[in-house]
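Quick notes on the structure that follows.
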């Protein structure tokens, strides 16, 4: 009971930290302004980690690695703690154990990214239907645009209704299924002796 409660709190904290770091990563990747309430909140919750890392870890091809790397480390540590709390035997091959931990952590990070894109697309769709002039609407439109743009080129609106968000959500569900199978193959590495 106590270990389940502890695991719940750890997963919630790790999920929140990863979500904030990924939000910062996506906002910087799309060059979205941080001069709004959500942007200021993201900066306030991630500056302690990202700013010191920027001194030693520069960006690559416009991607903010100082936001991405700590998110990956958090997910990897979460996998390690989950394995410990569930009583998994981690005394096998050290190289396979590390590869498995980093692999499952990477898959966890990619799944969080997919869930974040799903949330961004859903919020963007709601804003476009309910209140496209809301203060945060341009932020979500900018964040969802690079994912929807390729589909909008292929799929025309039907009776002035853009169905590209629905198609994207279906594709993202397929990606989540594929990532789950990758996670299973990586977690098998952690128990190789």
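Just so it is clear, glycine is given a Cβ too, placed from its N, Cα and C backbone atoms.
TrEMBL: automatically predicted annotations, no manual curation.
As the structure is a computational prediction, the values presented were derived from the model and not from experiment.
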Among the residue ranges 61-86, 113-138, I'd like the one that TrEMBL describes as transmembrane segment.
61-86
Could you tell me which of the ranges 35-53, 92-110 is annotated in TrEMBL as transmembrane segment?
92-110
